[in-house]
Amino acid sequence: MYPSIHPSIHLSTLTSISSSPVIIYVHLAVQQLQTLCFLANFPLAKMAAQEVQPSETIAKLKSESEALKTKLEEERAKLHDVELHQVAEKVDPLGQFVMKTRRTLKGHGNKVLCMDWCKDKRRIVSSSQDGKVIVWDAFTTNKEHAVTMPCTWVMACAYAPSGCAVACGGLDNKCSVYPLSLDKNENLAAKKKSVAMHTNYLSACSFTNSDMQILTSSGDGTCALWDVESGQLLQSFHGHAADVLCLDLAPSETGNTFVSGGCDKKANVWDMRSGQCIQSFETHESDINSVRYYPSGDAFASGSDDATCRLYDLRADREVAIYSKESIIFGASSVDFSLSGRLLFGGYNDYTINVWDVLKGTRVSILFGHENRVSTLRVSPDGTAFCSGSWDHTLRVRE
Amino acid sequence: MSFYKITMERVIVSMQDPDMGMKMRNQRLLITVIPHAMTGRDIVDWLIQKYTITEEEALHIGNFLVKYGYIYPLKEPRNLCLKQDETPYRFQTPYYWTSTRWPASELDYAIYLAKKNIRKQGELIEYEKECYNALHKRINHTWDFVVMQAREQLRASKQRRKADRIVLECQEQAYWLINRPPPGVMDILEQGPDRRNVANTRVQLVSGQMLAIFVKYCEQYQDHDPIMQGCLPSNPWITDDIMYWNMNSETVTMPTKLRVERWSFSFMELLNDPLGRKELLTYLEKEFSAENLCFWQACEEVRHGEASKIAAKVDEVYKQFLAPGASRWVNIDSKTMEKTLEGIKHPHRFVLDDAQMHIYFLMKKDSYPRYLKSELYKNLLAKAIVPQETKKSVFPFMRRQRHSSPSPALVTQTAEDNGKAKPSAAKANAGTASQI
């Protein structure tokens, strides 16, 4: 039997040398066709002979969508509908920012996945892929405690408000609380309390106003509120259609809501008492990796794999700003505000941190330094600095 | 998680736009001429110009375009990085884009290595040799097919023009360098644990007035934002001097002016600061309404405390604040009182919410504004400290010693261990010293 030539030969001939721009556009459509053909076992020669003119339809659709866009803008303008940057036109622009790395924390043997600040403004807890959770005095860079979890990919960790315990979890589907003992001989793992139980990985956790309650989010699509002492489930939150990746508690006066973001591209606001989803926002084009409230609690920011960060106003029930740039290709993994809410720091998967002017929507600064993805970023409780953790095994504190 | 493929391909397509894209030219490679090539310098310049970014950022992005296989180097194929000089590069054919052909199949890799093996007459690089042998073991049953395909492809390629052949080889090699990286090279395709993904808006109107609150908030807090305006005496992270933290600690006798000012921004600011709360309590005691604040605090403890202690705490609250003739009776409207008293027969975490909210708003609307106008507050504000800016060290290159602080865990533990042997102060919490 005559051996059939592997298809790659034919296709390379078509595509390689004459890779001028026009044909690129055709390829983008052709590659869909070729996948179909391979699956359906069509001989390639036949396929190449078929007429493919996607460029015409693409151009037509493009101009149609542009026209619709303009019409929408016009209608919006008539009703005085505005975006945040328009309202902020009269605000003074920000000057140049110089932010240097003031501390580098080395000690993790693998990717740093999560970190959180202690209320004392200088200590932090961090967790990594190899199962290690470390408590540092970031100011002196001393390590104060270390715990080895029985699982890898510890994606979530949080410091208790009292500073006396830390919570963490990941691929073990649990959230465990470790009281921080100062006895050098004591094995922290011995006093561990298993609090939360999900049916998929733990993506984020946070203590509420006290050491006694923990809020968790999970790859099983739910969030849950737990009583630490008993491990009892106090409330569960259902509504996401896919993995929930992040959460943040509202700083509001009545302290009863929180926001979560997930792989279903939605950000949901929940009532902690009833378990109901009271607001939902769906404008991102891909997974939402991080959500964080604006300091007043009137809005929250999100960071997504679609390479944008966005601001959602809770009273207006709408997105009011997008922070993006065509040259930013990779997703934002983690976001946080400066104390006044004027700056939004975003850690990205392209190893950089972009600093945004929240009001004007422009980028103020780009910070290099990490040698792999930035996976976690938090501003310190008194706003004097921010800390970023990365897949390059380090954490950096910058001002 | 692979959304970057969409954004990166947008950039690549822009780069190849007939009008605004890159200018490509022929590139001489030894004696062959390769068409549609560009230099590293051209790529960086185009990125700078198109996206209005710095050279550093353009180089950073350009490196990703090479690392992810959308652009490959013609001269040193193993060195997947962007050099900002005359080094020639070419766009990878879409056939080999990571978005189209991922994950790479074992069979394809075997054929590729077999071709190389035949061409180089057995002289494969170390790691490739290992892979080849491993594949031979693993897919031994199809090895005849693998070798046959390899031979056919080599024969077909010999019939091409030399320039075409070289380009094809470069493209294929670039593809495999990314999908089967040599040991030691970072695997850029690593994504982290799998996420289940599900794969579809309402139009709401927003007025300028609604958004003005953000401008107002940012303006109000600007002077309090250390990253934006700095802080006095100095930012501890920059000068290694912890005076700022000492002057703003919970137990300080005289607070700073900025701190006292901040209490006037909102009732929540006053309550959130333990010192502010203490001052408020002092004021309320003068007004004989301190029970309001105490009640509010007690309710917080019910809401956020251990589940097992709820019943006991609610009972305490009832006895102290709600029962007729209670020593610290709070003045709640009759409707709320009735509802609350009914509710505490079956106590739960939120049973005191309505009453708590009533008292909270009472304090916010009445006591709080009066406190801000009171002599107590005004005197404190007048006496509050404005720290001096830390003088720059005479020897700027000598770093100040970074002092440890007692761990919060220690502070609470000593309170608990009253009577037992106390661990010695700050030394107890020294971990592994790893000063830079």
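Positions of Cβ are set from backbone N, Cα and C atoms, glycine also.
Listed in TrEMBL for this protein:
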COILED    A:58-85  coiled coil
REPEAT    A:105-146  repeat 'WD'
REPEAT    A:195-236  repeat 'WD'
REPEAT    A:237-280  repeat 'WD'
REPEAT    A:281-322  repeat 'WD'
REPEAT    A:334-366  repeat 'WD'
REPEAT    A:367-399  repeat 'WD'
Contacting positions for the repeat 'WD' (A:367-399) when only residues 6+ beyond its ends and CB under 8 Å are counted: 99-106, 108-119, 121-122, 124, 126, 128, 136, 138, 333-340, 345-355
Secondary structure content of the repeat 'WD' (A:237-280), with strand meaning DSSP E or B: 0 helix, 23 strand, 21 coil
DSSP-assigned states of the repeat 'WD' (A:334-366) in counts, ordered helix, strand, coil: 0 helix, 19 strand, 14 coil
Remote residues contacting the repeat 'WD' (A:105-146) - C-beta distance under 8 A, at least 6 residues beyond either end: 152-159, 161-163, 166, 168, 170, 178, 180, 188, 204, 372-373, 375-376, 378, 380-382, 384, 387, 389-397
Long-range Cβ neighbours of the repeat 'WD' (A:237-280) (under 8 Å; 6 or more residues past either end): 200, 203-204, 206, 208-209, 215-225, 286-293, 295-297, 300, 302, 304, 312, 314, 317
Secondary structure composition of the repeat 'WD' (A:195-236) [DSSP: H/G/I, E/B, coil]: 0 helix, 25 strand, 17 coil
